[in-house]
Amino acid sequence: MKVYITYGTADFLKTIVQKHPSENILLMQGQENAILIHETNGDTVFQAPHAYEVIDQVGEIKHPGFAVLNNIAVTQEGRPLFENRFKNRAGKVENEPGFEAIRVLRPLDSDTYVILTLWETESAFQDWQQSGSYKEAHKKRDTSAGIDTTSIFSRPSYVTTYFAVE
């Protein structure tokens with residue numbers, strides 16, 4: 001399974017969605033731009049996408065109210081360690097109220113992995129961040145047992161968020 005992501009204005013991206021009604025494409029709006037997320041086993045309909053292979057997934061990409069993309073740049077040497085960490089993750093987020101889906105995305109044309117989580121609402125995501133399962137999932141962060149203390153990261157990670165577009 002592949003995920004393709006492209007960015008632009010909501011009006012322009014909406015025309016792409018309308019041209020391809022049978023494709024599984026999400027249109028979402030962020031603070032600075034809009035995003036299309038296309039999940040498919042085939043080729044993408046985008047002209048210039050960021051391409052990813054799905055290496056872990058739970059739930060369906062449908063019509064969430066809120067999306068969180070954790071962008072994590074990983075060195076070539078660090079990829080096996082990073083992927084192993086996510087393949088052995090606690091899996092707690094799936095049981096949270098308002099959770100809809102997660103995709104761990106391996107980049108095909110860059111060094112930046114994306115951890116995509118989809119939620120019913122922004123408040124559901126914020127509630128998860130205050131929960132025990134969030135603390136459990138991140139308990140090894142900044143410890144010798146975690147991977148944050150190694151040099152597998154190319155640069156600091158960053159998070160982008162998006163809201164559903166009707």
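The chain as shown is numbered from 1 upward.
Just so it is clear, glycine is given a Cβ too, placed from its N, Cα and C backbone atoms.
Pulled from Swiss-Prot, these are the features on record:
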type: BINDING; residues: N33; note: Fe cation binding site
type: BINDING; residues: H138; note: heme binding site
type: DOMAIN; residues: 66-153; note: domain 'ABM'
type: SITE; residues: W128; note: site 'Transition state stabilizer'
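All protein chains shown were included, and the count of other CB atoms within 10 Å of the CB of the residue listed as 'Fe cation binding site' stands at 14.
DSSP places the residues of the domain 'ABM' (66-153) in helix, strand and coil in these numbers: 26 helix, 27 strand, 35 coil.
Recorded residues the residue listed as 'Fe cation binding site' and W128 (site 'Transition state stabilizer') have their alpha carbons 25 Å apart, per Cα-Cα distance. Proximity of W128 (site 'Transition state stabilizer') to non-local residues of its own chain (separation of 6 or more, Cβ distance below 8 Å) is seen for V93, E96, G98, F99, W119, Y134, given in sequence order.
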